[in-house]
């Protein structure tokens, strides 16, 4: 193999590894950002939602390690290391594809999963030993302008009352304010829908990131295999 061909293979692999590292940064960033969002609502999310972003963070971290094999193999033109690089790329491709598919599955199951985790906590809203549940519910109902699972009636069944966070309290109120049915400021939408849409959008972003980057790396994997075959042929392995 000529010096020009060797240099071409070497620098092409370097360029590919640079792109590979960029995809790692992207998937790591997406995983960390969604993990940060989900962590604030960990009381109301099933383990599937909390595990997936961590999974992407792990994949993103592994990519930096894998890129070493590609760069070092290209620099040394080491067939075994480039072959190892291809094998690791295959594993990462499978993991990213699995993460993407899982994200879409979670997206389609968000409502049922959110409902299943929210409902048991409603009975603890007035429990003085579980103030974190009270604060979390108030935060969700205020931030997402929602009330109960489907409506304020869910609170009537759970604690025989409606939290103030179910209403937009008007400015300038001096007297006692009551949040109840018929109040114009009562949030009409349930939290399963409004909070669920918020969680669903992030699950979708995880799915898109996993699948798109898996497709990008599939092309990289095919290219790396071609390079490996070329080196094997010219080196006589």
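Heads up, the Cβ atoms here are built off N, Cα and C, so glycines get one too.
Keep in mind that what you see is a predicted model, and the values were worked out from it rather than measured.
Marked as disulfide bond by TrEMBL: 147-166.
Residues or ranges marked as transmembrane segment by TrEMBL: 12-34 (among others). Sequence-distant contacts of the transmembrane segment (12-34), counting only residues of its own chain at least 6 positions beyond either end whose CB sits under 8 Å from a CB of the stretch, comprise 52-57, 59-61, 63-64, 66-67, 70-71, 73-74, 82, 96, 202, 205-206, 209-210, 213, 216-217, 220, 223-224, 227.
Here TrEMBL flags 54-75 (among others) as transmembrane segment.
Taken from TrEMBL, the feature transmembrane segment covers 82-106 (among others). Using a Cβ-Cβ cut-off under 8 Å and counting only residues 6 or more beyond its ends in the same chain, the transmembrane segment (82-106) has close neighbours at 13, 27, 48-49, 52, 55-56, 59, 62-63, 66, 69-70, 73-74, 113, 203-214, 217-218, 220-221, 224-225, 227-228, 231.
Taken from TrEMBL, the feature transmembrane segment covers 206-227 (among others). For the transmembrane segment (206-227), the residues of the chain that approach it from at least six positions outside its boundaries are 9, 12-13, 16, 19-20, 23, 26-27, 30-31, 34, 52-53, 56, 70, 82, 85-86, 89-90, 92-93, 96-104, 106-107, judged by C-beta separation under 8 angstroms.
With a cut-off of 8 Å between CB atoms and residues at least 6 apart in sequence, the same chain places 141, 147, 148, 152, 155, 179, 186, 187 near residue 166 (disulfide bond), listed in sequence order. The Cβ neighbour count for residue 147 (disulfide bond), using a 10 Å radius and every protein chain shown, is 27.
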